[in-house]
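Asker: Sharing a structure here in structure tokens format.
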Amino acid sequence: MADPAECNIKVVCRVRPMNATEQNTSHICTKFISEEQVQIGGKLNMFDRIFKPNTTQEEVYNKAARQIVKDVLDGYNGTIFAYGQTSSGKTFTMEGVMGNPQYMGIIPRIVQDIFNHIYQMDESLEFHIKVSYFEIYMDRIRDLLDVSKTNLSVHEDKNRVPFVKGATERFASSPEEVMDVIEEGKSNRHIAVTNMNEHSSRSHSIFLIQVKQENMETKKKLSGKLYLVDLAGSEKVSKTGAEGTVLDEAKNINKSLSALGNVISALADGKKSHIPYRDSKMTRILQESLGGNARTTIVICCSPSSFNESESKSTLMFGQRAKTIKNTVTVNMELTAEEWRNRYEKEKEKNGRLKAQLLILENELQRWRAGESVPVKEQGNKNDEILKEMMKPKQMTVHVSEEEKNKWEEEKVKLYEQLDEKDSEIDNQSRLTEKLKQQMLEQEELLSSMQRDYELLQSQMGRLEAENAAAKEEAKEVLQALEEMAVNYDEKSKEVEDKNRMNETLSEEVNEKMTALHTTSTELQKLQELEQHQRRRITEMMASLLKDLGEIGTALGGNAADMKPNVENIEKVDEEFTMARLFVSKMKTEVKTMSQRCKILEASNAENETKIRTSEDELDSCRMTIQQHEAKMKSLSENIRETEGKKRHLEDSLDMLNEEIVKLRAAEEIRLTDQEDKKREEEDKMQSATEMQASMSEQMESHRDAHQKQLANLRTEINEKEHQMEELKDVNQRMTLQHEKLQLDYEKLKIEEAEKAAKLRELSQQFDRREQAKQDLKGLEETVAKELQTLHNLRKLFVSDLQNRVKKALEGGDRDDDSGGSQAQKQKISFLENNLEQLTKVHKQLVRDNADLRCELPKLERRLRATSERVKALEMSLKETKEGAMRDRKRYQQEVDRIREAVRQRNFAKRGSSAQIAKAIRAGHPPPSPGGSTGIRGGGYSGIRGGGSPVIRPPSHGSPEPISHNNSFEKSLNPNDAENMEKKANKRLPKLPPGGNKLTESDIAAMKARSKARNNTPGKAPLTTSGEQGS
């Protein structure tokens, strides 16, 4: 480690241009004094650099971030992060527009600059670059390169430096690979739309670049980390209009930014002993960047609008506080064995000097305690010559000969060599233990995930069975209810038919009675005219009779006042007739009102019919969508079957290719053994060949049996999964059929209910008509009773008058006329009495019918309520079955996706056990072409990590490109079985070059050279497997 040095955090301020809405609604509140000073609201703020709105992306990068690239490549840690309110330009500053040279942000430019610096450095340097990309969303660390890792934790290494455990790390050897990683992470990042920003970042993103370099000549190793942080902006809910999930995100963003502000304030204060790094995961990760071992640059982004003046002021205050923080930076350097040796020698010499000085001081102290005064010259703290003299005798007392000295030097060199070997062994063992720990953790995580998947499957199966049983019970209940409704419907239809017949008969009778009433009314009018004529005659006759009686009374001396009551009775009859006329006019008005009510009811009935038609159209559209979804499901199932057939075909072809590879290996082994036997022993040639053939046949049989078992197990598993998928499809089809049946029953019930409602409306209208007719008949009864009473009184008066007149009259002509008038009046009165009797009978019949209908009306209303409730229940059950069918479809799709993901993860796990290639980059070379090999040194091999087998290449002249045959084979086998088979094969079989099925002359020459080298050095085993190479 180099000596530590202090440096302040560099703070630059960037002010973005105003957008269209701000230009229309506000004004500019910022004033640029110089390149280091800006004024907002009358307050002056100073920073390392001020970027105006017209500053380009390149200028921002050159002034703010370019120097950090050189620092990171020199072994320092670096951090660049953007801070500011929402929609202030942070993401544009950090990322910009990818692929656009003019609008690229700091991250893509810094990536390109790192590689440009590497290509211009000394050729003896070798670089390894790793990148990782994660975000802090809702106070959880989420890996943007592996979305399944949603809650990563922060740990500390042996030097107490925080790091994110479990984050995906990708090796990169070119800027294009790093940009691909950035694009992949950006596609997984959380964004949302607010009132202030259409692409508002809802999380803090951290892009980490780790650079390790090694000088191949001096073995000097340096490492540096570069954190590129895009913070989410602070938000005011009143301005952004956040609701729901966006509001929760804003709360977490403001909370983490508040924790960052608290850390900055505590560091700027300088008096606080506790720095609250652990209040937020973001501050925990950036602990080294804030007051630790890193060169940090903060880009504070502001808005020039007066609408955001308060937020801009708080952002500038944050920058002012951060500018006062000091970091202690050191070079991250791994010392070599020679450097550690030199340090050890220096410390040893220093220790010896301190021990000698300690002895001098102890002697001086003993003399002082004994009461002796020590002269100034002999005091230890002022006489360095005494220290030298005490150290010299130790060196002079030892007499060493040259031979012994040479021996000791040789032993010393050997010990140092052994120390170096032990150090390398310790490093290898530590790496191996770390790899094994990582593999154990991965296996445990895989096992726990498989257990969770199994438990989820068990719970889902139990829930599906329970839902299936509940659906069956519901279907039974629905069928029973439908049967009951059908029976009730038959009964009601019969009752309705009977009522319709009765209503028709009643309506016919009412029509007849109405016609009779019309005839009676016309006859009454005629009678009234006749009665008026008779009244006139009667009044004239009465007047003449009264005159005669008066004359007779005067002659006899009597009084004629007794005849006046007859005249009063005649006047009462006139009043009754006027009352009847008024009642007839009242009935006309009521008939008009009834006709208006009928029209209103007909209009409402037409509206209800239109509503029913619209609902039927909606049902037809829902059926069409259901049929379309079923067709899609059929097409998807057919695609799955086709892919499975293709998969089986590829597996068969893979088996054939593996058998051919084994045969070729066997043939090559036989050829090699033949050549060796010709050189050594020509006599035992046939015997060794037969033994080799027997061993190879046994190996081929064992390989074939193991492979067949593996394939059989995999095929059985695939068949079981297919069987489960078919069962789920059958269940889905049954549910769809039940859904269709319920839909049809629901439509039938709806039609029946519409018909019943129409009939009920007709019955209610008829009932209203009957009520009105009853009221009308009541009035008629009263008027007819009054008329009958008046007619009865008139009849008595006429009879009495006629008797008196017959007794008193003397002339025959008058008697004949009066008798004729009385007979005509009697006939009319008898006709009216007959009509009244018929009307009373009709009235009584109507009253009886009304009473019967009133008794039946509550029953019909109860039945109607029951049917309406049942229809509602059926609608709810239909809705629930629809939702259940949708849930089943979603569950089925999720199950299919889960099975696919499990297969993909299994294949990925098998591939993950293979080698992870750490791509080394040699400095001083131009960037490699996309199609060539990247970062290859020392004979054309890439640096290999993990447990994968290396690729053995023939000499470069005339050799074809290597083709990997083992990827697909490893997919069909378990990793352990594949490794065992490979080890067994490597014990006896040589490695074939991956150049194809045919051996070239260069391949044969290379194999002969390897066999000779193997024979010459029997003590050393060849590096054939990855495990041997790793050890």
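All positions are counted from 1 along the displayed chain.
Glycine residues also receive a Cβ, built from the backbone N, Cα and C atoms like all the rest.
In case it helps, Swiss-Prot gives these features for our protein:
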type	residues	note
BINDING	G84, Q85, T86, S87, S88, G89, K90, T91	ATP binding site
COILED	393-857	coiled coil
COMPBIAS	673-686	compositional bias 'Basic and acidic residues'
COMPBIAS	932-949	compositional bias 'Gly residues'
DOMAIN	8-325	domain 'Kinesin motor'
Asker: Mean pLDDT over the domain 'Kinesin motor' (8-325): what is the value?
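Answerer: Residues in the domain 'Kinesin motor' (8-325) carry a mean pLDDT of 84 in this prediction.
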Asker: Look up G84 (ATP binding site) in the DSSP assignment and report helix, strand or coil.
Answerer: strand
Asker: Run through the Cβ atoms and count how many others sit within 10 Å of the one on G89 (ATP binding site).
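Answerer: Within a 10 Å radius of the Cβ of G89 (ATP binding site) lie 20 other Cβ atoms.
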Asker: Pick from G84, S88, T91: which of these binding-site residues has the biggest number of other Cβ atoms within 10 Å of its Cβ?
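Answerer: Result of the Cβ crowding comparison: G84.
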Asker: Could you tally the C-beta atoms, other than its own, that fall within 10 angstroms of the C-beta of Q85 (ATP binding site)?
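Answerer: 24, counting other Cβ atoms within 10 Å of Q85 (ATP binding site).
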Asker: Quick one: give me the count of other CB atoms within 10 A of the CB of T86 (ATP binding site).
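Answerer: That number is 24.
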